[in-house]
Structure formats: structure tokens, C-alpha cells
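Student: Under the heading compositional bias 'Acidic residues', TrEMBL lists 48-62. For 74-320, the entry in TrEMBL reads domain 'ABC transporter'. The region 'Disordered' annotation in TrEMBL covers 44-67. TrEMBL lists 12-34, 491-515, 527-551, 557-577 with the feature transmembrane segment.
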Amino acid sequence: MAGSGGKKVHQMIVGFGGSGLGQVVIAVAVSFLVRVFSAPGPALSPENEADDVPENDSDDAEAPTSGKVTPVTIQWRNINCSLSDKSSKSARFLLKNVSGEAKPGRLLAIMGPSGSGKTTLLNVLAGQLTASPRLHLSGVLEFNGKPGSKNAYKFAYVRQEDLFFSQLTVRETLSLATELQLPNISSAEERDEFVNNLLFKLGLVSCADTNVGDAKVRGISGGEKKRLSMACELLASPSVIFADEPTTGLDAFQAEKVMETLQQLAQDGHTVICSIHQPRGSVYSKFDDIILLTEGSLVYAGPARDEPLAYFSKFGYQCPDHINPAEFLADLISIDYSSADSVYTSQKRIDGLVESFSQRQSAVIYATPITINDLSNSRKKISQRAVVKKKGVWWKQFWLLLKRAWMQASRDAPTNKVRARMSIASAIIFGSVFWRMGNSQTSIQDRMGLLQVTAINTAMAALTKTVGVFPKERAIVDRERAKGSYSLGPYLFSKLLAEIPIGAAFPLMFGAVLYPMARLHPTMQRFGKFCGIVTMESFAASAMGLTVGAMVPTTEAAMAVGPSLMTVFIVFGGYYVNPENTPIIFRWIPNVSLIRWAFQGLSINEFSGLQFDHQHSFDIQTGEQVTVQPSIFLFQLE
């Protein structure tokens, strides 16, 4: 019996280890494939389109350490954008015959009330619209007098959300971004000088060594985060800078500092286009040109400051003295919903202004169809060129991403402290409940219960930590991959590797406290196997969490799906449901349940070699009897 049991014990331990590693590998592979097929175009393999990249753009292929900017004038005419509704078979126009021009060295602001089409127009010009069969575009879009699909210039897009790795400092964020995006800057001195120049240019010197921070950890201010976003976008010296409502969520002082930065960038030769809702007077005075939109229609396009006020005064709409011009313009082109009469009056006023400006335009050019791919093609080629240029630096990307992931994970003191306290507290609670188990017949059930809750606690702790990680980082990763900073493989493997030391620390803490308190199998070899099994289970649960996070769109969805799947694994974990009684359609679940493999591994490790007190012939005498009698303890040794 003992020899046979020992052989089966060895098979089970080996089987568990293989299954645990297999689940990690499978989870990594699934996560990898999910992100490959759902990622934005520029991040995919560029070989098929490499021939389309312009051959004469050698200057763009080099890192622009000199700060030189290629001037770009953007012109658009009769841009129409509509969204069809399948249920009503009608279309809702987001933009209607919008024309305009953005010039280098000038700051252009797109203003209008909420829902006027500001962000839509910005995304059309930046090629950021998501392709959809319901979305229809038409119009003319030119860069330096040529169609956008035939040119390739460098563009930067500063989004409303400022997303960064919270545990990195401002300097570290810029330095790592520089190494990833500009690998030809090989010397540390040159890179430091480049980063210092950016810090000085964007007014970030005073906070250079401060952590970026997030909602949990105090860091830099909102305005400083916005300027850091601009700094990251300026690494490649873009010709055109798009900024989507850069002052949203900022106080008056920070909003003005951000707009001063955009104004300075325009004066440096960039073409700067931003959307903005209702700026204060000091911010409005920084605009060189302005576009006013309402309900997707153009009300004014031309020089800013006093010119639009003079234009509207011709129609009897005079801006009162000591009134913010931006507020006056916003009220003028907004619908007043306070009463039915005010709605009618304001709608009539807006319709008249739209009609007047359309007649004012000097020429009408018939729209020709364009597609989202046409608008974004040149941006994709730029990213593809960056990816082609960086091909062959996989290990450098991996090392830099590993460094970043480790700094983010190891410096997250609040989270790590909570996890450590919870691990120790759980071990103390379980150890107190199952204090100093002896070798009586009742201790068999106690051991089984303790090992089951150990498997569940370890898996849930690791899952809840990682299941929300990927959704939070997805926007950052997609943004960086779209720039060609790195491929998916280095990011994924560096993320998993960086989590290993910290992921292993908490199961080891748990085991070190629980094992002596419960007086489990008292040998160092068995203690080592116990810690090894819970650590491997923690890794498998972490990989499962990353996989779930990669497959769902939001953190909230990940937190709902991950624990739900783990609950199913718990039910089929070998303790609550006898495999022989499992319905046929569910019999595959125990084979993929990491709870089951952990529970079996822990049970075999604990029971083999144990001798129990017995008074009757039908009592269980050895641990091997527990593992080979499924009718008694709900799982069998395979």
C-alpha cells in the first residue's frame, strides 16, 4: 500500500506541476492572441504594407533630436460625417459641409457647445475615427495641397485622458518613452539632454522627480499631467499636434498654463489644433484662429480674437463690454432650452447664422467620397515605418518594458501592503480555526477543508490583483503600440515576469504562517512542496486574470467576469462535487479548474505518509487511503 501510494503521490505532484504550468502557458497564449487580433492597425505586422511607405522620407525615419519641424498646412472642404441608424433607417449628421484650414505657426481652436461636433471634426482630421459600417464620410482633406492618403507626416494626438504608469516619475516616464521611440539615441548623455530639453520646454522641471500618481497615490497636478502628455507626443517632433479638450477638468490657472504651452508649440512651427468647450477670456486671447460649430454645422471659421465679434456684429449681435468673448460666442451659437419660445428663437438665430456663413464662403467645391482608411492611412504608414525601423530590437524592448513593469509593481506600496496584510491575516485566521491538527479521524476532514480554502484563497487573491491590471493599461499600451514603440510580445512577457517575485512573496507569507499553526505534515520537504504548489497556483490565477482582462473592455467587466469564472472552478474543484456525478456536458470543467489541480496537489502532498489514530477496522489508517477512496473524499487520483 505504501509503495503504491508513494508512486501515485509522485505522479500526482508531477501531474499538478505540468497542469499548472500548462494553464499559465495557455493563458499567456490566449491573452497574446486576443490582443493581436483586437489591436489597432499600426501595431500589427507591417510587412504587407512596407512597400507603401514613402522611400524619400529618410529624414522622418531618424530621431529628430534637432527639434526641426516640417511645416504642414491642413485644408478640408465640405466634410460630411453621418451615423446611420438601422432601426429607423435614417442618418444622424455629425458634421455638415464643414470647411476650414489650419496653418503652421498658428493655434487653431474648434469651439462649440456640447454635441456640436468638435471632437468628431478633430478625429476626422487626425484620422482617429473608428471604422464602422454605420459611419459615412465624404469631403476633401489635403495636407500641403495634396490628398492625405498620398502623404505621410508626423502627427501627435493628445487625448482628454492623461494615462500614465502612476509609480514612475515624470523624468522616468519621458526617459523610457525616449528609449522606446527613439532607439537611435544610444548614449545616456544625449538621451538625458534630450529629456531635459523637453522638461524645460514643457515647464516640467519642478516636478521632474515626482511620481505621476493616480487616484490612489498623490502625484503631479492635472495641468502637469496634460503637459506630460504633450511631452510624450513631442518626442518624434510632429508637424501637427491635435489636442482634444486639453483644459477639461483643470482649474483656471492650470488651463491657462496648458494653453500657453500649446501657443508656444505653435510659435515653434507646429500646426496646433485643439477642441475646447468654453474657455475663459485669457485663454481665448491665445487663439490665432477659431472654428465655431453648432449641431455639426459651421458658423464661423477664420481669425480669432476681435474678428468673429466684428463679423457677428454685422448681424446685430454685439458683444457687451467687459464680457468674455468666448462666453458671448458660446451663448450665441447655443440653443436655449429654458422655454419653448427660447428654443424656437435660438434655433432660428442659429439657422440664420449657419446660412449666412455658408453664403459667405467664396467657393463651393462638390464633395468627393473619402473613407476612414483614407484619412488614417498616412498615420498608419508613419507608425509602420517606426515599427520597421525598430525591428530586431526585441530584447531591448523587453528589457525596458520589464524595467518599467517592475518599477510599477514594486513601488505600489499601498497595494503591496494591503496584500501582505491580507495574506498574513488570512493565514492567522485559518491557522486559528484549524489550530494544531492532530492525527485523529476527525482531523482528516479538517485537513481536507483547510487545503480547499487554501486553494480558493490563493487563487482569488492572485486573480483580483491582476484581473483589473490590463484594462487599466490597455489605453496606454494601445497608444504606445500605435506609435510603433514596441510589439506585443515584449510587453506581455515582461509584464508576467515582473509580477513573479511579488506574486510569489504573498503565497510564501501565507504558507509560512499557516503551515506551523495548523501543524500540517511536519517535514521541510513537504513544506517546500506546499509553498511551491500555492505559488504555482498563484501564477496560474494571475495569468488567468490577465487573460480575462485582455478579453473584456473595462475594469468593471473584468471584475465581474473573473470572479464568476473562478466560482465555477471552485464548484468543480474536487471538494464539493464528485466527478462521477458531474453531468456529461460539464465534465470538461474539472480538467481546466486550477482549484482542482491545486487541491489535489496539496492533498497528495499532505496525506501521503501520514498515519491516523484508529479504533475500528473500518477506520482510515493511512493518508494513502484518503487519496484512493473517492467515495469518501469526493476526488480521485488519476
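Just so it is clear, glycine is given a Cβ too, placed from its N, Cα and C backbone atoms.
Tell me about the setting of these features in this model.
Tutor: Across the residues of the domain 'ABC transporter' (74-320), the predicted structure has a mean pLDDT of 89.
Sequence-remote contacts of a segment are chain residues at least 6 beyond its ends whose Cβ falls under 8 Å from one of its Cβ atoms, and for the transmembrane segment (491-515) they are 28, 31-32, 35, 397-398, 401-402, 404-406, 408-410, 416, 419-420, 423-424, 426-428, 430-431, 454, 457-458, 461-462, 465-466, 469, 477, 481, 527, 530-531, 534-535, 537-539, 542-543, 546.
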Student: Could you give the residue numbers and ranges of same-chain residues that sit at least 6 residues beyond the transmembrane segment (557-577) on either side and whose C-beta is under 8 angstroms from one of its C-beta atoms?
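Tutor: The answer is 448, 452, 455-456, 459-460, 463-464, 467-468, 470-471, 541, 544-545, 548-549, 551, 586, 589-590, 592-596, 599-600, 634-635.
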